[in-house]
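Peer 1: Okay, here's the structure, questions in a sec.
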Amino acid sequence: MKKTKIVSTLGPASDDIETITKLAEAGANVFRFNFSHGNHEEHLARMNMVREVEKKTGKLLGIALDTKGAEIRTTDQEGGKFTINTGDEIRVSMDATKAGNKDMIHVTYPGLFDDTHVGGTVLIDDGAVGLTIKAKDEEKRELVCEAQNTGVIGSKKGVNAPGVEIRLPGITEKDTDDIRFGLKHGINFIFASFVRKAQDVLDIRALCEEANASYVKIFPKIESQEGIDNIDEILQVSDGLMVARGDMGVEIPFINVPFVQKTLIKKCNALGKPVITATQMLDSMQENPRPTRAEVTDVANAVLDGTDATMLSGESANGLYPVQSVQAMHDIDVRTEKELDTRNTLALQRFEEYKGSNVTEAIGESVVRTAQELGVKTIIAATSSGYTARMISKYRPDATIVALTFDEKIQHSLGIVWGVEPVLAKKPSNTDEMFEEAARVAKEHGFVKDGDLVIIVAGVPFGQSGTTNLMKLQIIGNQLAQGLGVGTGSVIGKAVVANSAEEANAKVHEGDILVAKTTDKDYMPAIKKASGMIVEASGLTSHAAVVGVSLGIPVVVGVADATSKIADGSTLTVDARRGAIYQGEVSNL
């Protein structure tokens, strides 16, 4: 089962129910809607398709709105584009009403003149063309520049000024309209472009609260040096983070991007906040059916770094192979997770310097350690807000984390968290009911089977957010009976119900479990072949108890109506330490 989540961008290449269904079946968990392109009508049509696919497939699918953000672009160019050569002089004007040419281009942000300095650099089209600022014409408010390289400058291309604090607004009027539209139509996540400071996130959160949609999770995209410098304060007010390597690689030296990625991921992991690694992960698959070896390595390293999700942009939105791109990313994620399984101890140690003092986080770490020690494959976390599941996920357990939640909105918000399988359940009224519901739902969804040992995490008083304080080890399945155990061992075998010594001696074979009302010396031929005994007669000095200790086999005595409750020939597990008899095979006792 894949634990790393996949964010898949929708676009012209994935614009029908059949393709979106294939993307979901290939492993996409969250669908990204890029509001830098398209209109509300187009996006709503795709959102409706995602919800239809969710109902059709039964898979939990999230919807993420990616804002256009406050960005600087060139205006249109005369003739659409032109070529500039190394050493050419060109001016950059702040007049956004005019078209550009090889002598002068115009940009959409008038403050660029004030924010930049002589000797600085202006990059066009993700760095395809670099301009060095030679002088500033104060009278005309134009930057006098020299081309660093030969290249093409086109219409409406992105403009960056590396290392410069740009005083653009956190969210634009378009962003506000787009976010309100998304909130109205049930989005689950907002990916906020060009976030530079905490206030940018708070402005978006205010829009969510205004729409009574505080459940929508906000993931700022860190794309500039200013955002990197302010990362700690940004994370404090955010629900997660996107490492957006595209503009980041233009705004800061590209050689620093891998190390910034690792730092940002580690900070998110330590706080238990999900992080997405994005941009050009399988970029060549826009045109080719297979990724390059470098791309495979890039995705794998992001997973090893600790990313919660890996993202596809143009690969699934505009490329020739959208489904194959998701499938390739799925396969890389799953293969890499096998390596993570062997590194769990490192995951448990890596947050020593970040340890908090709250109970939920302490229990999260304890749960993962316990699961690792006992070989538990499923952790069931009852969570009202999703916090408990995230605090367990941060330690990257080998076990699957089943998040039992009672709100569909919280369920969808957990769909992007590493290793978490969010399941909607009816809200129980007390802790005992919760344990029963947790076992039932996990079994119903195929996460566990009878006999599995699971860890259930919850809070008392039940149902209140932030009260996680309870961890319980529980065996899934039917406990048939209870008695007094003799010894400390456990055994699995076929039940042989015998009402007399003669019947027992005739029916019991090597390794069977003898079930009888009582025993005496006449039962010894059968007892010597048995791997365990269940007896209705009680007492630690009874024949069965004494013989069991002598032979070193598990025995449970004082089991009322054992010969009538237990079916002859059925498979049983006898746990002498607990004095319990279970239907079927139970491991990890």
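Our numbering is plain: 1 for the first residue shown, then up by one each step along the chain.
Quick reminder: no glycine exception, Cβ is built from N, Cα and C everywhere.
This is the feature table in Swiss-Prot:
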type    : residues                                  : note
BINDING : Arg32, Gly246, Asp247, Thr279             : substrate binding site
BINDING : Asn34, Phe35, Ser36, His37, Arg73, Lys157 : ATP binding site
BINDING : Asn34, Ser36, Asp66, Thr67                : K(+) binding site
BINDING : Glu223, Asp247                            : Mg(2+) binding site
SITE    : Lys221                                    : site 'Transition state stabilizer'
Peer 1: Is any of the binding-site residues Ser36, Asp66, Glu223 within 10 Å of Asp247 (substrate binding site) (Cα-Cα), and if so, which, in sequence order?
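Peer 2: Qualifying among Ser36, Asp66, Glu223: Glu223.
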Peer 1: Quick one: what's DSSP say for Asp247 (substrate binding site), helix, strand or coil?
Peer 2: helix
Peer 1: Pull out the binding-site residues from the set His37, Arg73, Glu223 whose C-alpha sits within 10 Å of the C-alpha of Gly246 (substrate binding site).
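Peer 2: Near Gly246 (substrate binding site), where near means Cα within 10 Å, the binding-site residues are Glu223.
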Peer 1: Write down the Cα-Cα distance for Glu223 (Mg(2+) binding site) and His37 (ATP binding site), rounded and given in Å.
Peer 2: 19
Peer 1: Which one is closest to Thr279 (substrate binding site) in space, judged by CA to CA distance, out of the recorded positions Phe35, Arg73, Lys221?
Peer 2: Lys221
Peer 1: For Asn34 (ATP binding site), find which of the recorded positions Asp66, Thr67, Lys221, Glu223 come within 10 Å, Cα to Cα.
Peer 2: Asp66, Thr67
Peer 1: Restricting to the same chain and to sequence separations of six or more, state which residues have a Cβ under 8 Å from that of Asp66 (K(+) binding site).
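Peer 2: In sequence order, the residues whose Cβ lies under 8 Å from that of Asp66 (K(+) binding site) (at least 6 apart) are Thr9, Arg32, Phe33, Asn34, Phe35, Ser36, Phe191, Ser193, Lys221.
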Peer 1: Out of the binding-site residues Thr67, Arg73, Lys157, give me the one sitting nearest to Glu223 (Mg(2+) binding site) by CA distance.
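Peer 2: Comparing Cα positions, the candidate nearest Glu223 (Mg(2+) binding site) turns out to be Thr67.
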Peer 1: Ten-angstrom check, please: count other Cβ atoms within 10 Å of the Cβ of Ser36 (ATP binding site), all chains counted.
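Peer 2: Ser36 (ATP binding site): 12 neighbouring Cβ atoms within 10 Å.
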Peer 1: Hey, how far is Arg73 (ATP binding site) from Thr67 (K(+) binding site), Cα to Cα, in Å?
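Peer 2: Taking the Cα atoms only, Arg73 (ATP binding site) lies 16 Å from Thr67 (K(+) binding site).
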Peer 1: What residue among the binding-site residues Asn34, Thr67 has the most other CB atoms lying within 10 A of its CB?
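Peer 2: Of Asn34, Thr67, the one with the most crowded Cβ is Thr67.
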Peer 1: Do any residues at least six apart in sequence from Lys157 (ATP binding site), in the same chain, have a Cβ closer than 8 Å to its Cβ, and if so which, in order?
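Peer 2: The answer is Arg73, Thr74, Ile124, Asp125, Ala128.
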Peer 1: Fewest neighbouring Cβ atoms within 10 Å: which of the binding-site residues Glu223, Asp247?
Peer 2: Asp247
